Each structure stands twice: as C-alpha cells, then as structure tokens.
C-alpha cells in the first residue's frame, strides 16, 4: 500500500471516529461544524471540534510515535520482538508518573514528560543491561522485559492501593486512553513527536549500518556507540511522550514495523515514515473499536484493545520465526553448574522447617492485638481465654495455613516451570496462569456479581487452566520448545491482562476491591478456604517429586535427554499439568501472588544444589515460609491498615530479581 493510500485510510477512520458518540453526527454535520464560526457553534459541534477531533489527532500522534520507537528498538537490539511494551519501558514510565503524582504533584502536573522519560530510561537501561546487551537473544530480552514490568507493576500497584485518593484519576489512564477535553494534549505532544520522528529520519542511514556487523559498520565510518546512544534516546523520548499523554499502550510498536517489513521495506528512510503511518492507523482503528464498544458497554481502555489484537499477533510472529531464529534462547538454566551444594539437604530441611515454625508462631502471636507466647501455647493446647481462642483459631490460624499451602503450591509450580522452560526467570505468570486466573475471578466479581462469592475460586481456577491450556496447545506446534512456550505465555498473559484492564475500568467504584484481589491477599481467609485449597498441594507435590529424575535429565538439553531415553514432550506436559493445577488452585484462593515461584526455587538451589529430589521439599518449605512471612508483615507494618501479602512478596522480590539477573549476567548465563 502506498503512503497516499495509508493517509486516505487514516483520514477515513478519523472521520468515522468523529461520527461516534452520544450525539450522532453525519459527514455533512461535521463539515458544517468545521465551517461554523466558534462563537456560533452548537454544543454538538463544540464536542466534535474540541473533544472528538483532538482525540483522533492524538491517536495518530501516539500511534506514530510508538511505531517509530518500536522500529528503533528492534533495530538497536536486533530483536524482532522488541518494543516499548516488551522491554518494560511503558511500565517504567507509568511507575514514574504514578510516583510523581503521589510525592511530587506539582512536578507531575507540569512536567509529566520528564517523569515518564526518567522512568522509561531507567527501565530500558536495566532491561538492556541485565539481558546481556547486544548479546541478548530474543527470548532473553523478552523475559527480562516481562520480569522488569512485573516488578514495576507490583510497585505501582502498591502505591495505588496505599495512596488510593491521590491516584484515583490514574486508573483509566494507566490502561491506556485517548480521551481528551481540549487541544492541550495535542499541543503538548506534537512538537516532541515531530522532533523525535525527524531525528529518527536523520539517523536512517546509521540505522541501516547498525544492522551490519560492528566491524563492517566501523569500516564505513560508523560511530557505533554514539549511534546506539542516540537511537535509544530518541526511542525513549517518543515512548515517554506517548505514555505521558495517553498512558501505557502496548503492541503498536511491535506490530507496525513488522507489517512494513512483511511488505518488503528494509531501508529505514522508507521504513520509518511508513511505520509511523501504520502505527497511527492501528491506534486510530483501535480507538474506533473503543468508541463503538463504549456505546454499549461504557468506558473501554484503548490499551486493552491493542493488547487483544497484539497478543495473537505476537503468537503468529513467534510461530513464524520458528525454532531456528529463537534457538539462542533455548538454554540450560544452571542445571548442572556447580553441582556441589553448600548445605547438606537434611540440615537445610531442618533449618528451613525451624524457620517456618518461628514465622508461623510470629504470625499467630503478632497482629493488631499481640498475644503473649504463653497465652498462645495455652490456646493451641486447648486452653486460653475466649478472645484469644477466637483470634487465634478462627482468624489467624486458618489464614496462616492458607498462606503456607498457597506459598508451597506456588513455589513448587515455579520449580516445575523453570525445569520445563529451562529458564530461571520462569514462574506461574509465564504460562498465563496468573493473568488467566485474575481474569476469571474478576469476570465473576464484576460482570456476574449476583453469583455467590464462594464461586470466586472456581472462576479463578477455570481462568488459569484455560489460559495455560491455550499456551500449551499453541506451543505443541513447536513440540513444547522452551522458548516458544515462554513467549507464547507472554502473549496470552497480555491478552488476559487486557481483559483485566477492561474489567477494572468497568468496575468504577469497585476498583480498589479489584486491585486488592489482583495484588494477592490472604485477608479474611478462613477454614472453608483452607479446605478448598488443602487437597491440591497435598496430592500434587508428591506427584511432582516423582518427576524429579526426569527433570534432572531434561536440564541436560533435549539432545542429551533423548539420548538417555527420556520422552521429553511427555515429561514437559506432565510437569506442566501439575504446575498449572498447583498455581491455579493457589491463585484461586489468595489472588495473583507473584514472585514466590521465582524466589523459592532459587534459594533452594543456592542451598542444596540442583537435584530435584531435594529441591521439591525444600522449595515447598521456603515458599510456605515466604508467603506466611509476607502475610505477617502485611498485617503488622502499617497496622491496623493491611498491605496485601502479594505486594509484600513483590517488594521483596524486586531486589532479589535484580540480584538474580545481575548474577546470571556476570556468569554469562542465558
């Protein structure tokens, strides 16, 4: 399609956008509004020219900016799935704006671009650095970006819950929206978008040379380091502008460059302007879909629509790339590095069990009302006062036991998935379980409020199973290859997260309740919840232990495992089924708790090495202790106000993830 054709199509969509809304206007009405002097315009004409038209223009600017930023990032990293969303740039910018709104409101109101740029730069440099820079494979970069986005999203969620009043106006914006009430957003954005796009076009020839190897580029006079720095700065500027006026909108920067490359465009002098037009077209069309849906369903964030479109696109792209181009990501996740263990297994189990007992006792004794140890022992042995018995036996004990079982289930699920995917950054969220369960629960909570709340675990379990099943059915086309499995999991998680965004925005006054559940909480969990959860880890963790030897073989790599007689596809499927069931059961009861499945297996490996027979029991104990400790801290740090235990784990997991990624980079791991 020519540039003229793209422009005409873009204008046609813009006109269609102007015709949407409560005040139905035809083409002649729009032309009449344009010709009418400002002082003589009707209310409907004022709405068209002061609200709908700025919205349409801003969509073009933001879509174009994201597309150019995505093109630059894909060239810079030589990574076909790089974009502002997949590299965590959007999440970093969003976190910075939310933090600025809370702590520096004057700065946030007048300099949101500065805050967004700082957050985006920090996220981009972090992801690029820990993934290995130019040596990073596509899957490595994508996993680093996803993990970073999870960390920043957790911190953002904590801030929104703790400062609900200060951030109440950011929920819709945080999901991506183009709603405008005047031309101020366009007036702010267009100079920056124009300058950034012009700078990208000036860099067109150096960008072409970046695709060559470094030696060839230098021989042609290319200053590689400076070019990369300039390209990164321009990409971050464009992404930050987009986030500051429209919120984090994903996948536009991923899809637009690929569409143009599929049409044969390779040289950046042509690729960049065509990508800009395509990005503008994609976002404008997505916003048109939003306008059509809003007439029936109310507010819909445009970021959710782009994710619902972009998720399937990413899946198609992954399958199209095939094994060969992604093979660099199929790595052995430390399976046999340093087989020696620092601590004997029995000693590690004894110490961890003792630590768990201490944390359990602290959780029972401490809270808004502190119970002395003697009184606690009296209650546990059948005595004690009625008040203490009620607090311990009816409130704290079932809650703590639920936390312990859920933590053990999530930890073992993470251990299984790390073995299946052969990547130490894998956890239940990587195969869509967490997002799928969250979407299932919110569908019941918000869309079907007339149904009993007791069905919430059932809905969450069904959502997690459905999301994970989708990932595995698609990944079967590539024989459940670890790289394919991980990337398809990211795509399906994005689609489920889009559904969550729409549900949260639709909830309006129930946003705080929805966010609290999504953050992961053991609040008010009782004996009924314990009974629903208990059977899953009690039955499935021993079954997982039976797969220990096969997982040890799987860690050697496909070729070696097959040579030793292992049926790798069956092993991956069996381990994955157990992992999915464990994680779905836990999420159904305590919400979308993250990082337990990431942290506990790694701590276990540091203690006893890499043999799964020892890892399973130790990982379960560590996961239980981690979530019980998070529950206790969440109840006591800001008592009587509670912090959701999932957010406590996430805040603990952030520095752990930073250490983990830096450690792997230092050892040259993938």
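Each Cβ is built from the backbone N, Cα and C atoms, and glycine gets one as well.
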Of the residue ranges 194-214, 299-319, 320-340, the one that TrEMBL records as transmembrane segment:
299-319
Most Cβ pairs under 8 Å with the transmembrane segment (143-163), selected from 87-107, 113-131, 530-548:
87-107
Quick one: find which recorded stretch in 56-75, 87-107, 575-603, 615-633 has the most Cβ pairs under 8 Å with the transmembrane segment (225-243).
56-75
Which stretch from 56-75, 87-107, 299-319, 615-633 shares the most C-beta pairs under 8 Å with the transmembrane segment (530-548)?
615-633
Under 8 Å between C-beta atoms and at least six residues away from its ends: which parts of the chain pack against the transmembrane segment (299-319)?
59, 80-81, 172, 175-178, 246-252, 254-255, 258, 282-283, 286-287, 289-290, 293, 326, 474, 477-478, 484, 487-488, 490-492, 494-495, 497-499, 501-502, 505-506
At a C-beta cut-off of under 8 Å, are there same-chain residues at least 6 beyond the transmembrane segment (575-603) that contact it? List them, or none.
147, 150, 154, 402-403, 405-407, 409-420, 424-429, 431, 433-435, 437-438, 441, 456-461, 463-465, 468-469, 472, 480, 516-522, 525, 529, 532-533, 536-537, 540-541, 543-544, 547, 550-551, 615, 619, 622-623, 626-627, 644-646, 649-650, 652-653, 656-657, 660
Residue numbers, six or more beyond the limits of the transmembrane segment (87-107), whose CB comes under 8 Å of its CB atoms:
69, 73, 77, 114-124, 126-128, 141, 144-146, 148-149, 152-153, 155-156, 159-160, 163, 166-167, 170, 174, 236, 239-240, 243-244, 247-250
